[in-house]
Amino acid sequence: MRTVRGFLLYLSRYCFILEVEVFVPFNGGQKFDGASVMAAYGQTQYSPALQPAGPYTPYTHHTQGYSMPSYNIKTEDGLSHSPGQGGLLGYSNFSSTPPSQSLYSYSHTHGHPPTPGKEEGVAARRGSDGKLRGRKRASDPTPPLDSDIERVFIWDLDETIIIFHSLLTGTFSSRFGKDSSKAVSLGLWMEEMIFNLADSRLFFNDLEECDQVHIDDVASDDNGQDLSTYNFGSDGFQSPAGAGSLCLGSGVHGGVDWMRKLAFRYRRVKEIYNTYKNNVGGLLGSPKREEWLQLRREMEVLTDLWLTQALKALALINSRPNCVNVLVTTTQLIPALSKVLLYGLGSAFPIENIYSATKTGKESCFERVSQRFGRRAVYVVIGDGAEEETVAKKKNMPFWRVSCRADLEALSHALELDYL
């Protein structure tokens, strides 16, 4: 146990000294006093959270009619970066040409490009129970078992890690004094890229009505067939009417043959994610890659490096040997995976650590996460919405509210000093 007095906390426009006592910084095996840490950073448990923004009406794609100032710091990849990014966006990972691939025969009615094949040497990884066995890092060839994880950080996605929905509704621009037309335009641009990637590469046309909570929820229906020459476009798969009630992975299934084809698609999505999570540019190909990089740069300018701050916190957690990041989002699983890839979050979240609460709600997902990592682990919830805060309170999990970029800065500060 340590006592820390008088540390400097910088929060966006505010700079002040807090003289507090923060007990029990993170030091494996010690008891975690979440309330003291949260209170030290102004995170009062559990006041009403910001209400989610209202629904928006999708727009048709725009013609970009504005320009943004270029960043003035360049890296070895020749792309301009904003000050303070420190490579967190990982632009240097993107090659100018896609890696060598063996294409699957997969066609859509809307003329999308074929689904890219798996790179040689990248094997599908799935345990007999479909669980992730720790985070795989080059510096850690023997990652910990789920049961050995000491601290689990459960993240919300939209308006916590990424800014997306609030761009479309105008909430972000009105709250932070940004150009509303520019914000909406960037939001629409990203929306189009998200669904284009989901449709053309991640089988969303096939899987939209058969959403799953987790990527391995239908893995038990997969017979392990080699998919290297499998033709997804001509296998006769078609989401049946009422498929949403058949495909929750809760014991009510469709026909065996149809469920096997469904499982093949989710296995292929998993392979694509694992192959391209650090090389999204290779998945998109040219000219989409260049368009995506431009969009990412402009969104970081508009949001004052919001994503960069989130990535810093995620990286700090991932650097710890027995801590893990888990994502629980109300977005459907396939579009959620598309978002994670396009926002450069693939290295922060192994696909096995991503859960969609669209059909079951966040409480059910939190329960699954708790069962997976066990009672010994400490759970910290990070989000902006009332639902995750309510569930955190019910389960006695510390809740870190993100309502502005300063909250992410404070989170990184607490993590750097091992208070969380």
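Using the three backbone atoms N, Cα and C, a Cβ is placed for every residue, glycine included.
TrEMBL entries are annotated by machine, without manual review.
Summarising the annotation, TrEMBL assigns active site, nucleophile to D156. Feature annotation from TrEMBL assigns active site, proton donor to D158. Annotated Mg(2+) binding site per TrEMBL: D156, D158, D384, in sequence order. The annotation compositional bias 'Basic and acidic residues' is assigned in TrEMBL to 117-132.
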Which whole-number value in Å describes the distance between the Cα atoms of D158 (active site, proton donor) and D384 (Mg(2+) binding site)?
8
CB neighbours within 10 A of D158 (active site, proton donor), counting all protein chains shown, number 20
Count the Cβ atoms, other than its own, that fall within 10 Å of the Cβ of the residue listed as 'active site, nucleophile', considering every protein chain shown.
23
Distance [Cα-Cα, Å, rounded] between D384 (Mg(2+) binding site) and the residue listed as 'active site, nucleophile':
7
